[in-house]
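Asker: I'd like to ask you about the structure that follows.
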Ligand SMILES: NC(=O)C1=CN([C@@H]2O[C@H](COP(=O)(O)OP(=O)(O)OC[C@H]3O[C@@H](n4cnc5c(N)ncnc54)[C@H](OP(=O)(O)O)[C@@H]3O)[C@@H](O)[C@H]2O)C=CC1
Ligand SMILES: C[C@H]1O[C@H](OP(=O)(O)OP(=O)(O)OC[C@H]2O[C@@H](n3cnc4c(=O)[nH]c(N)nc43)[C@H](O)[C@@H]2O)[C@@H](O)[C@@H](O)C1=O
């Protein structure tokens with residue numbers, strides 16, 4: 001893609017969208033179009049159509065979404081399915097209607113069946129029952145993949161999808177209940193250390209396994225897939241199965257994550273597991289062979305990424321985004 005291409009990054013103030021803008025800028029892509037949620041509500045079809053007609057971007061990265069951890073997904077299922085479906089439908093259709101040939105859609109590893117064979121390959125999609133705590137969000141993300149595939153099949157568009165594993169890093173949402181496990185734990189451990197508490201609560205049994213990817217790696221992978229030439233991309237994907245897993249291929253238990261977090265934050269008290277809280281899916285490890293064949297691998301391991309995130313947290317603790 002030409003360095004002067006106009007690229008619309010939806011969700012540029014979010015954790016991933018902000019990292020994607022940094023990555024594009026670092027590669028010399030400076031013609032980036034952005035709108036805040038307040039300036040452009042992507043659930044509003046007329047507003048989205050007007051924006052695309054005015055701006056006519058050459059490419060779109062759809063990193064805007066209704067996002068949250070296990071509790072938020074389980075508590076606000078209507079918001080998760082409705083808003084995500086609306087944003088995807090509006091953006092994909094408006095991109096097509098305005099002759100935008102390139103689009104990158106961000107899904108999630110929760111699209112795969114709860115008990116999918118591990119590590120999960122892209123072919124596991126739609127082969128079994130989803131995890132109930134995030135089924136509505138997962139259904140919306142599956143619809144996003146199928147939207148892209150359908151516009152590719154019918155209109156010859158080049159709309160690609162990446163399925164990230166659990167992400168973390170600077171600009172994350174540190175809300176005590178609605179966030180994902182890493183920001184929630186980091187904040188709770190930090191506050192416990194500052195107060196001198198003797199113990200800290202971890203949700204669930206500690207036995208579920210998760211794979212974590214640092215946000216700068218996610219941004220690098222996303223831009224890599226967006227910029228791949230058509231031949232390389234098409235020889236490594238199939239027209240009816242266009243999504244690509246993004247992860248490390250390495251996972252750990254939630255207990256192991258909590259122990260690593262203790263070291264990084266410097267909290268010396270005890271861990272207490274609250275088994276009244278849901279565990280969610282027992283394991284969701286990505287098979288990342290397809291992405292490796294396409295020329296990309298992660299570089300930031302969990303402990304390094306947690307240290308970077310904690311350093312960022314300490315510098316930004318006063319103005320944390322919490323939604
Ligand atoms: N975080 C994770 O662990 C994972 C994330 N993903 C996916 O990656 C993508 C980015 O997630 P992440 O950066 O973590 O999420 P964030 O919550 O950090 O960012 C989401 C962004 O979307 C914007 N947004 C939400 N609703 C609207 C709307 N109606 N109109 C316009 N903008 C809107 C938000 O703006 P505002 O803040 O102003 O509301 C925010 O900038 C999403 O597609 C998510 O599903 C996938 C797997 C794991
Ligand atoms: C990215 C992914 O995120 C969500 O799925 P999830 O992987 O289950 O996400 P989570 O990060 O919230 O939890 C991971 C594990 O960690 C445990 N856990 C311990 N202590 C805390 C804690 O304090 N907070 C949270 N949130 N979880 C905790 C928690 O009980 C669970 O076993 C999806 O809904 C969906 O949005 C999606 O795609």
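Quick reminder: no glycine exception, Cβ is built from N, Cα and C everywhere.
TrEMBL labels come from automatic prediction, so no person has curated them.
Summarising the annotation, TrEMBL assigns domain 'NAD-dependent epimerase/dehydratase' to 7-228. Residues annotated as NADP(+) binding site in TrEMBL: 11-17, 106-109, 141, 164-167, 180. The site 'Important for catalytic activity' annotation in TrEMBL covers 108, 110. Residues annotated as active site, proton donor/acceptor in TrEMBL: 137. If you look up TrEMBL, you'll see 188, 203, 210, 279 marked as substrate binding site.
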Asker: Out of the recorded positions I have (11, 108, 110, 203, 279), which ones have their Cβ sitting under 6 Å from ligand 2?
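Answerer: By the Cβ criterion, which requires under 6 Å to ligand 2, the hits are 108, 110, 203, 279.
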Asker: What is the number of other Cβ atoms found within 10 Å of the Cβ of residue 279 (substrate binding site)?
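Answerer: Around the Cβ of residue 279 (substrate binding site), 16 other Cβ atoms lie within 10 Å.
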Asker: On the three-state reduction of DSSP, what should I expect for residue 210 (substrate binding site)?
Answerer: strand
Asker: For the binding-site residues 11, 164, work out the Cβ neighbour count at 10 Å and name the residue with the minimum.
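Answerer: Ranked by other Cβ atoms within 10 Å, the binding-site residues 11, 164 bottom out at 164.
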Asker: If you compare CA-to-CA distances from the residue listed as 'active site, proton donor/acceptor' to each of the binding-site residues 11, 14, 164, 167, 203, which comes out shortest?
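Answerer: Closest candidate to the residue listed as 'active site, proton donor/acceptor', judged by Cα separation, is 164.
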Asker: Taking a cut-off of under 6 Å between Cβ and any atom of ligand 1, tell me which of the recorded positions 110, 164, 188, 203, 279 pass.
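Answerer: Within range of ligand 1: 164.
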Asker: For a quick check of understanding: given the listed substrate-binding residues 188, 203, 210, 279, what is the maximum Cα-Cα distance in angstrom, as an integer?
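Answerer: Greatest Cα-Cα span of the listed binding residues: 19 Å.
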Asker: Within 10 Å of residue 164 (NADP(+) binding site) (Cα to Cα), which of the binding-site residues 188, 203, 279 do you find?
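Answerer: The binding-site residues passing the 10 Å Cα test: none.
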Asker: Quick check for the class: what is the C-alpha distance, in angstrom and rounded, between residue 167 (NADP(+) binding site) and residue 188 (substrate binding site)?
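Answerer: On Cα coordinates alone, these residues lie 18 Å apart.
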Asker: Looking at the binding-site residues listed here (11, 203, 210), whose Cα lies nearest to that of residue 110 (site 'Important for catalytic activity')?
Answerer: 210
